[in-house]
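Q: Here's a structure for you.
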Amino acid sequence: MDLKWNEFIITGDPLILGAQISILLGGIAVVAALTYFKKWSWLWKEWLTSVDHKKLGIMYILSALLMLFRGGIDGLMIRTQLAKPGMEFLDPQHYNEVFSTHGVIMILFMAMPFLIGLINYIVPLQIGARDVAFPYLNNLSFWTFFVGMALFNISFIIGGSPDAGWTGYTPLATNEFSPGPGQNYYLLAIQIAGIGTLMTGINFFVTILKMRTKGMTLMKMSMFTWTSLITMLIIIFAFPVLTVALAMQTFDRLFGSVLFTLQGDGNPMLWVNLFWVWGHPEVYIVILPAFGIFSEIISTFARKQLFAYKAMVVSIVTISVLSFLVWVHHFFTMGNSAEANSFFSITTMAISIPTGVKIFNWLFTMYRGRITFTTPMLWSLAFIPNFVIGGVTGVMLAMAAADYQYHNTYFLVSHFHYVLISGTVFACFAGLIYWYPKMFGHKLNEKIGKWAFWIFVIGFNVCFFPQYFLGLDGMPRRISTYLPEDGWTGLNMISTIGAFMMGLAFLIFVYNIYYSWRYSPREKTGDAWGLGRNLEWATTSSIPPHYNFAVLPEVTGLDPYWDMKEKGLDQQKNTDYKPIHMPSNSSTPAIMSALMGMAAFGLVFQWYWVGIVGAVGIFITMIVRSFDYNDGYYVSVEEIKETEAKANK
Amino acid sequence: MAHDHNVNPNAPLEYQSEAGRLNITGFWTFLGAEIALFSTLFASYFALQSRVGDGPTSIEMFEAGLVMIMTMLLLTSSFTCGLAIHEMRANNVKGVIGWMIITLILGAGFIGYELYEFVHYVHEGVTLGTSAHWSMFFILLGTHGLHVSIGIGWIILLLIQLARRGLTPKTASKVFISSLYWHFLDVVWIFIFTCVYLMGMVN
Ligand code: HEM
Ligand SMILES: [Cu+2]
């Protein structure tokens, strides 16, 4: 690809220029601060090379919040452009880029890492383990995700963003109709991050299966752990499909194959199928852990064991199987036979059965419970009705014949925002607030938190509820403007106002992080809410020491920590310490991932020599790793005693 | 926990340490993902099989003799790889290294023939861009060939480690895992042989 300098760095758009300047200034500020406070080696040794699942969890969550900001700005730009007919805020090309990056970032670089971050932090604690099965791999997963994210995000300042939608449909995404580096960024950035996700899937699958503490059988695991286990299983079978699909489109774009093109007898519909064979399980990857989080929070603050635990487990397993059998519902209108459409219509509707079972389980958990209305509980309560609206409209979309009316209209847009925001995003907020004291040793301020909650939930409904009607009124998705005669002006304006309310709520949420860091009282025990039921609350200190448990807990039933409290057993009184074996930090994953980023960057611009140099570098780091026989180290009994004595003082 | 050295001396060497056991379970899980990966490639191959455009069909290009040699090489290598693990159970490092070297030579022979086949097609004018059918052919076989090549490089590294450190629970679990990988690639090849070559030569 022969690019001139001014085509390489994107110029001429005031919005992008503003972003470039603020990124530059922000970058300089961060570097200056780290240098001034002499924090570079601390950052590298304590965080970036850490294999501690808790620190990795926090790094995932921070990245996800950053992406929520970036994706949120994209969303607000879309809504600004659509607020009135004939707006000239974004030109059509820029509009296409913005909705494409918005979708990719929100699903792959916000929702997934947010949930994976929470899983990283909490699941090993809930199963009473000291780390994950493959701590080194865990660090590598984080870095591949991070590099993929970084690569995707620089596209809008260097070379240009992808503009073929988050679905990257062919033939639109082929060289013929999407020339330039944008779509290459999409393919390579998601490829790198996806490999990281697959490694996470394997890692946590084995962790949950093999590293549970004594007495914790599968049917004694917390619901969040169960949903994580099933999510990992879905990842293991769905992500390779994405890997192959992305590689195939990459071959079409870079190496001249003709799989999805209009020449050479290619078949563009094959991409659409492969994308959704991954894509539909993907939406369950981001919703199942959310279900787990709500289950934890609802049973905690209703002070009751989760209602019908077994039915819950059966329904998530059923959902995971069905999630692989419904992908055609994303393209009922694209020329399938009536038989195929009927089959996929029925499987899709079937998914709402186990989902409905879960809704009733949550309601019955609260029935006759003594409910405390904390902010995490408020988010969970708001989830139920909002998610039901998303689910019901999903079933409407599932009727193939009716979908000819709804497909690719704002009705669909509203459906998936109702499930993704009130499901996944509410869960991320709820989970973060709920487990915040576990991560940082103090709670988030409840009063500010409730302001953020109400503004967000109202803003969300103001933004998306009108979109159902816009859709029924025939407003298609992915259009950059419309005419006054279309009659969509009023509802669009309302929708835009709602979007800005959500933006405001996000700012309040972030302010709350700062405020609480300054002013919230520090927690004195491991059980910050006083109502904890699972083992993550059983640690001595509010923030667990790096080895998590000085003595591994033993489990006899569901809700083991609640059990211990009821029986008056104090996990912390057990001082029969033994030396603890822990894995060592490693710097190869960060280097290996950086080299992957370099190779991919080269391929984006078809500078093959950069790709080759990067690939050679990756192999060298792998060889170094293969010869690394570092087996970790032992924490001595004295050190454990010291740490435990200092806990919460 | 994971990395506790709670050794179980009665199990085979590769299963003795907790880390070894976890690595083996992890690798089986990874093979599950690999099955999903190759299934997707096969499904795509079937979807595009008849899409030959102006290019030739499989039947016009394939040569039975070449494919038979490749198949024999890879199947034999799987057998010698099994013998290496057998020697590992008998705690004979030299035996492991010896059989593994033979395995690698057979694997390299397979890759050599595969490259020859690809180059031959390109000379005949059949390339990645000839038709969707041939794009998918090269990608499916290329993915398998790349796996075998990476396997060769990986096992060479392990052999160096074996020569230096002898058989320990750690080296043993590494070698055992690489053998699982090798057998897996053999199984994939059997599917390629059947679905791509045999069916391609019949149609
Ligand atoms: C009751 C369960 C659900 C049903 C019956 C259902 C049904 C559907 C159907 C039929 C479509 C395609 C409509 C069209 O393209 O015309 C669709 C799209 C979509 N759904 Fe759902 N859905 C359900 C739950 C979910 C959940 C839980 C999520 C995510 C958390 C989700 C996320 C999406 C997304 C992202 C799209 C559209 C993607 C795109 O085209 O860009 N859905 N849903
Ligand atoms: Cu779907």
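From the backbone N, Cα and C atoms, a Cβ is placed for every residue, glycine too.
Just so you know, TrEMBL annotations are computer predictions that nobody has curated.
Note that the coordinates shown come from a computational prediction; the quantities given were computed from them, not determined experimentally.
According to TrEMBL, the protein has these features:
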- A:36-556: domain 'Cytochrome oxidase subunit I profile' (DOMAIN)
- A:15-37: transmembrane segment (TRANSMEM)
- A:58-78: transmembrane segment (TRANSMEM)
- A:98-123: transmembrane segment (TRANSMEM)
- A:135-158: transmembrane segment (TRANSMEM)
- A:229-251: transmembrane segment (TRANSMEM)
- A:271-294: transmembrane segment (TRANSMEM)
- A:306-330: transmembrane segment (TRANSMEM)
- A:342-364: transmembrane segment (TRANSMEM)
- A:376-401: transmembrane segment (TRANSMEM)
- A:416-436: transmembrane segment (TRANSMEM)
- A:490-514: transmembrane segment (TRANSMEM)
- A:600-624: transmembrane segment (TRANSMEM)
Q: Could you pull out which residues elsewhere in the chain have a CB under 8 Å from any CB of the transmembrane segment (A:342-364), counting only those six or more residues past its ends?
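A: For the transmembrane segment (A:342-364), the list is 291, 294-295, 298, 306-308, 311-312, 314-316, 318-319, 322-323, 325-329, 332, 336, 380, 384, 387-388, 391, 394-395, 398-400.
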Q: Ranking A:58-78, A:98-123, A:135-158, A:229-251, A:306-330 by Cβ pairs under 8 Å to the transmembrane segment (A:15-37), which is first?
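A: Ranking A:58-78, A:98-123, A:135-158, A:229-251, A:306-330 by Cβ pairs under 8 Å to the transmembrane segment (A:15-37) puts A:135-158 first.
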Q: Would the transmembrane segment (A:135-158) count as touching the transmembrane segment (A:306-330), i.e. at least 3 C-beta pairs under 8 angstroms with sequence separation of 6+?
A: no
Q: Is the transmembrane segment (A:58-78) packed against any residues at least 6 beyond its ends, judged by a Cβ distance under 8 Å, and which are they?
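A: Counting only partners 6 or more residues beyond its ends, the transmembrane segment (A:58-78) has Cβ contacts under 8 Å with 15, 47, 89-90, 95, 98-99, 101-102, 105-106, 109-111, 113-114, 116-118, 120-121, 142, 145-146, 149, 153, 428, 432, 439, 499-500, 502-503, 506, 510.
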Q: What residues in the same chain, six or more past the boundaries of the transmembrane segment (A:135-158), come closer than 8 Å to it by Cβ-Cβ distance?
A: 8-10, 16, 19-20, 23, 49-53, 56, 59-60, 63, 67, 70, 97, 101, 104-105, 109, 113, 116, 120, 181-182, 185-186, 188-197, 199-200, 202-203, 583, 585-586, 589-590, 592-594, 596-597, 600-601, 604, 625
Q: Are there 3 or more C-beta pairs under 8 Å linking the transmembrane segment (A:600-624) with the transmembrane segment (A:271-294), counting only pairs at least 6 apart in sequence?
A: no
Q: If I take every residue in the domain 'Cytochrome oxidase subunit I profile' (A:36-556) and average their pLDDT values, what number comes out?
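A: Mean pLDDT, the domain 'Cytochrome oxidase subunit I profile' (A:36-556): 96.
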Q: Mind checking which residues of the chain, 6+ beyond the ends of the transmembrane segment (A:98-123), have their Cβ under 8 Å from one of its Cβ atoms?
A: 53-54, 56-61, 63-65, 67-68, 70-71, 74-75, 77-78, 90, 132, 138, 145, 148-149, 152-153, 155-156, 161-167, 186, 190, 193-194, 197, 200, 204, 207-208, 224-225, 228, 231, 282, 285-286, 289-290, 293, 420, 424-425, 427-428, 431-432, 435, 438-439, 478, 536
